[in-house]
Amino acid sequence: MGFRHKDIIALKDLTKEEITLLLDTADSLSEINRRDIKKVPTLRGKTVINLFYEASTRTRTSFEIAAKRLSADAVNITASTSSVVKGETLSDTANNLLAMKPDIIVMRHAVSGAHEYLAKRVSCSVINAGDGAHEHPSQGLLDMLTMRQKFGKLDGLKVAIIGDITHSRVARSDIYGLTTMGSHVFLAGPPTMMPVGIERLGNVTVCKDMREAVDKADVVMMLRIQLERQGKTLLPSMREYSRYFGLNPEVLGLAKKNAIVMHPGPINRGVELASSVADCDQSAILAQVENGVAVRMAMLYHVCGGEPVE
């Protein structure tokens, strides 16, 4: 089966077969990242523009590395050093970039839906690197790849996602992707950070407290508080948040013995995650970062029309 989409905007738009194809391709391409010479000519002659309106370390760097390992030319643009600071609109930015004939625009934007707006106005492919509190599809894919590598499957897994669900685009992509693949997602967080009706997104259970969500979980995914997306104070204090929704060794002990701990980063140590847990043998956080390069290679490959990789 080939990949039928010009763009990758949201995991909500992808079928189980399409997600499996992307994960299988990422698994195959991950071998390149372990070579002495980490480069193949697959996308030679292609141009990838990384257009970031928000700060990023892991996502932007790994998209750039992914493009270069496939021999594409990667150009990085940040809003703070572009004509955006002079008042240029997204539409005008897109038209000017399109005039330079790129093959793919990878964009991160603070406004939910910005990528759909962009994709309708450009002929090249668009990949969503995060839009507001909507979705972060590459993070969702790399999270699923990390889980699949550990457990050999996604179907039937119990995945606990803890934290600021309302403002987290990672939570939404994980929920869409995992429920499509047959996992059961359990959510916990402060009531002020739990969107009403989120259980309607799929096989999702909203728990009254963190311990209920973590109990017998295969995966414990911790999320940071998205202070930059909150218009008002939603917590009495970080100390109180950590007391009720921070993952420490005692709470982790409620999960299955072979459970893994995950976090999309950046970590706020001592708030949502104790350092002793972040650095323990069950932590898969750095495996997530490593898998991010392979997943983004797969995304670039398939929007350029790549065939399934054996």
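Just so it is clear, glycine is given a Cβ too, placed from its N, Cα and C backbone atoms.
Note that this is a predicted model, so its numbers are computed, not measured.
Noted in Swiss-Prot for the protein shown:
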- ARG58, THR59, ARG108, HIS136, GLN139, GLY265, PRO266: carbamoyl phosphate binding site (BINDING)
- LYS86, ARG169, ARG224: L-aspartate binding site (BINDING)
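Taking Cβ-Cβ distances under 8 Å and a sequence separation of 6 or more, the neighbours of THR59 (carbamoyl phosphate binding site) in its chain are ARG108, ALA129, GLY130, HIS136, SER138, GLN139, GLY292. Listed in sequence order, THR57, ARG224 are the same-chain residues at least 6 apart in sequence whose CB falls under 8 Å from the CB of PRO266 (carbamoyl phosphate binding site). In the three-state DSSP assignment, the secondary structure recorded for ARG58 (carbamoyl phosphate binding site) is helix.
GLN139 (carbamoyl phosphate binding site) counts 26 other C-beta atoms within 10 Å of its own C-beta, drawing on all protein chains shown. Among the binding-site residues ARG58, LYS86, ARG169, ARG224, the residue whose Cβ has the fewest other Cβ atoms within 10 Å is LYS86. The CA atom of ARG58 (carbamoyl phosphate binding site) is located 27 Å away from the CA atom of LYS86 (L-aspartate binding site).
Listed in sequence order, the residues of the same chain lying 6 or more apart from GLY265 (carbamoyl phosphate binding site) and placing their CB within less than 8 Å of its CB are THR57, ARG58, ILE285, GLN288, VAL289. In this entry, ARG58, THR59, ARG108, HIS136, GLN139, GLY265, PRO266 make up the residues listed for carbamoyl phosphate, with the farthest two CA atoms of the set 16 Å from each other.
Neighbouring residues of the recorded carbamoyl phosphate site, listed in sequence order and excluding ARG58, THR59, ARG108, HIS136, GLN139, GLY265, PRO266, comprise SER56, THR57, ALA129, GLY130, VAL170, PRO264 (Cβ within 8 Å of the Cβ centroid).
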